[in-house]
Amino acid sequence: MSEYQVIGMIVGAFILSGILSYALTPLVKRFAYKIGAIDVPKDTRRMHKKPTPRLGGLAIFIGFMGAMLVFFEFDVQMLSILIGAMLIVVLGIFDDVLALGAKFKFIVQIIAAAIPVCVGGMKIAFFSNLNPLSSEPYFSLGIFAIPVTIIWIVGITNAVNLIDGLDGLAAGVSAIASLTMLAVALLNYEFGVAVTMACLTGACLGFIPYNFNPAEIFMGDTGSTFLGYMLATMSISGFFKFYAVVSFAVPLLILGLPIFDTASAITRRVIEGRSPMSPDRGHVHHRLVDMGFNVKQAVAILYAISGTLGLAAVVLTTNGEAKAMLLLLAVILAIAVGGWIIINRRKESRQNIEKVLDDSDKEQEETQDEQN
């Protein structure tokens, strides 16, 4: 297959999945109202103020599958991945309608993760060897390969689900991650992964116009868990198998935002003596809104962070290791400095507002004293 044919397939898959997702979302919206898949704001964690239909992920899934059926040549591993994805989508639909229990969902997610591992032979066989005293570029996981792979898939599935807290956030971050995987796959001649990621990117972008703030429809667990599952499985299929020193760094960078948010959420809840699965308003997107950013600004900031991490992942696959690691350190430093500036500016802004209010109160008190 020539390069032009590959590019043509990627562009075609991207366009078709985007058109299908965009065209189907209004139909899914009506279907969600009909079956009662509605998100009613009942607590302070939810950022919307009116009942909003869920289930938008169904349009993403159908758009993705439609393009895959046209442009992808299926093998056993991909079929096993898609069977697991279908199980995740069915679980998500029932959850969006009936609000299933966390334990039951977790068990089904483990089963879905085990399908491509046990049937398709997909696994994380090795990690980068970070031991400077060792001459081996990587070390084998051996018997731990299967459980580590299942943990990775279930973990990323839930990580993407957890960042679905602001309009357009999960869909946009997933689109950025998919586009990054597409670029890295092309650089490494993994054309099957590239076509799959083109389908996923297009499906996300076709849905986003309906999901931007104020959202007409949410993707629900149907969409967020499906996107997380596909990103997790394709990161294994596309990247873990052919890197040595940077095998683990590339998918970690691409999925850095949801991984960081989930890790910090679990750590925070455990320290506070709560269940790691208990909901709260401590996610990074909630914190940005609490700092004074509106929803669109907070989402834009997180898009920028995700895009920067994705760019670092691409560079990490093209440059020498020393240059790539220097770039990675520079990216981390830039994000840290940017975050520090944002936090301090917001603190200064709040302090100024409080000072103005205090001065106003004092003036009113002085005026009342003079009148008395």
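Including glycine, each Cβ sits where the backbone N, Cα and C put it.
For the recorded site, D221 (Mg(2+) binding site), the DSSP three-state label reads helix. Marked as Mg(2+) binding site by TrEMBL: N161, D221.
Positions annotated as transmembrane segment by TrEMBL: 6-24 (among others).
Feature annotation from TrEMBL assigns transmembrane segment to 55-72 (among others).
What TrEMBL lists as transmembrane segment is 78-94 (among others). Long-range neighbours of the transmembrane segment (78-94) within the same chain, counting only residues 6 or more positions beyond its ends whose Cβ lies under 8 Å from a Cβ of the stretch, are 37, 55, 57-58, 61, 65, 68, 72, 100, 105, 108-109, 111-113, 115-116, 119-120, 122, 157, 192, 196, 220-226, 229-230, 233-234, 237.
Panel annotation: around the transmembrane segment (106-126), residues 76-81, 83-85, 87-88, 91, 138-141, 145-146, 148-150, 152-154, 157-158, 225, 229, 232-233, 236-237, 240-241, 247 of the same chain, lying at least six beyond its termini, place a Cβ under 8 Å from a Cβ of the stretch. Feature annotation from TrEMBL assigns transmembrane segment to 106-126 (among others).
If one looks beyond the transmembrane segment (138-156) by at least 6 residues along the same chain, the residues whose Cβ comes under 8 Å of a Cβ in the stretch are 106, 109-110, 112-114, 116-118, 122-129, 228-229, 231-233, 235-236, 244-245, 247, 255, 258-259, 262. What TrEMBL records for 138-156 (among others) is transmembrane segment.
Taken from TrEMBL, the feature transmembrane segment applies to 168-187 (among others). Among residues of the same chain six or more beyond the transmembrane segment (168-187), those with a C-beta under 8 A of the stretch's C-beta atoms are 10, 60, 160-161, 193-194, 197-198, 200-201, 204-205, 207-208, 211-213, 215, 219, 223-224, 227-228, 231, 234-235, 238-239, 250, 254-255, 257-258, 285, 299, 302-303, 306-307, 310-311, 313-314, 317-318.
Among the features that TrEMBL reports, transmembrane segment is placed at 193-210 (among others).
Per TrEMBL, transmembrane segment is recorded for 217-236 (among others). Outside the transmembrane segment (217-236), and at least 6 residues removed from its termini, the chain residues within Cβ reach (under 8 Å) are 25, 28-29, 32, 37, 39, 52-58, 60-61, 64, 81, 84-85, 88-89, 91-93, 95-96, 105, 109, 112-113, 116, 122-124, 149, 152-153, 155-161, 163-164, 170-171, 174, 177-178, 181, 193, 196-197, 200, 204, 207, 210-211, 251, 254-255, 258.
Per TrEMBL, the feature transmembrane segment maps to 242-260 (among others).
Residues annotated as transmembrane segment in TrEMBL: 298-318 (among others).
Feature annotation from TrEMBL assigns transmembrane segment to 324-343 (among others).
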Is it true that the transmembrane segment (6-24) and the transmembrane segment (193-210) have 3 or more CB pairs under 8 Å, sequence gap of 6 or more?
yes
Non-local Cβ contacts of D221 (Mg(2+) binding site) (under 8 Å, 6 or more apart, same chain)?
R54, G57, L91, G92, D95, D96, K105, N161
Would you mind checking how many other C-beta atoms are within 10 angstroms of the C-beta on N161 (Mg(2+) binding site)?
25
